[in-house]
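S.K.: A single structure is presented below for examination.
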Amino acid sequence: MGESRATLKQAVLAALGYIAIMAVGMFTTGHVFGYEYGTTEMVLVLAPFEVALSLYAIVMARRLFGGWDCGFHPLDARGLAWMVPSFAVIAALFLALFATGTPTVSLVALVLVATNLLIGFSEELMFRGVALRGALTALSTGKAILLSSVLFALLHAVNVLALMPVEAMVQQLGLTFVFGFAMACFALRANSLLPVIAFHILWDMVQFLGGLWQADFGNLVIIGIIVSPVVAAGLWWAVLRKREQGRAA
C-alpha cells in the first residue's frame, strides 16, 4: 500500500510539473508575445514548449513505469469498437475541412500539424498514461479516472495566462474534464494509449487547420463534443464498472 501511495504521489506531482511548464508557455504566449489563446500564433509560440513537454512526459513515464506506454499493452482490438463513433466524427470533420476550406501547404500549416502531434502525444501520455496509471496503483478505477480527468482539466486553467477570458476558461474546464473522462475510459478498454493519442491529435489538428483554412464545420464540432463522452459513459456503465465490481468480489 505504501509503495502504491508513493507511485500515486509521484504521478500527481509529474502531472503538476507538466502543468507548470505549460503555464510558462501560456504566459510567454500572452504576456511576452501578446497572442490570445486559440489563435494560430499561439500554436507557433507553443511549439518549442511542446517539444519540452513531450520529452518531459516520456522521462516521467519511463521513471515511474519503465516504459513510455505506462504498462498499457497489449492492445485489445475489440476495445477499439467503442471509439468508432468518435473517429467517424473526425472523418466527417476532415471531409468538411477539405470541402469547405481553402487548404494550402505552408510553413504555418506544417508547424500547426507538427505541434498538434506533440500536443496529442504529450497530453495523453501524461494524463491518460502517467496520471491515470499512477492513480490506478492506489485507487479504484472510478476514482482514478476522476483524478486524471481533474488534473487534465486543471491543465487548461493556465490558458488564462494566454489572455483567455475567465468565463471561457471556466467553460473549458468543464469540457476538458468530460474529454478527459472519455479518453480515460477508451484507453482502459483498449488497453492502449495509441488510439486516444491518435484521436486527440486529429481532434485538435482538424480544428486548428479549420481556423487557418477558414473551413465551415457546421455543428460537427458540437456533435463531436457530445458523442465521445456519451459513448464513454455507456462504456463505463456497461463494461468498466462491472469489471471493477468483479475484481472487488
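Yeah, the Cβs are placed from backbone N, Cα and C, and that goes for glycine too.
As annotated in TrEMBL:
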type	residues	note
DOMAIN	108-206	domain 'CAAX prenyl protease 2/Lysostaphin resistance protein A-like'
TRANSMEM	12-33	transmembrane segment
TRANSMEM	39-59	transmembrane segment
TRANSMEM	80-99	transmembrane segment
TRANSMEM	144-164	transmembrane segment
TRANSMEM	170-188	transmembrane segment
TRANSMEM	220-240	transmembrane segment
S.K.: Six or more residues beyond either end and a Cβ under 8 Å away: which residues meet both conditions relative to the transmembrane segment (39-59)?
M.R.: 17-18, 21-22, 24-26, 28-29, 33, 68, 108, 111-112, 114-116, 118-119, 121-122, 125-126, 129-130, 162, 208, 211-212
S.K.: Considering every residue in the domain 'CAAX prenyl protease 2/Lysostaphin resistance protein A-like' (108-206), what is the mean pLDDT value?
M.R.: 97
S.K.: Per DSSP, what is the residue count of the domain 'CAAX prenyl protease 2/Lysostaphin resistance protein A-like' (108-206) in each of helix, strand and coil?
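M.R.: Its residues divide into 89 helix, 0 strand, 10 coil.
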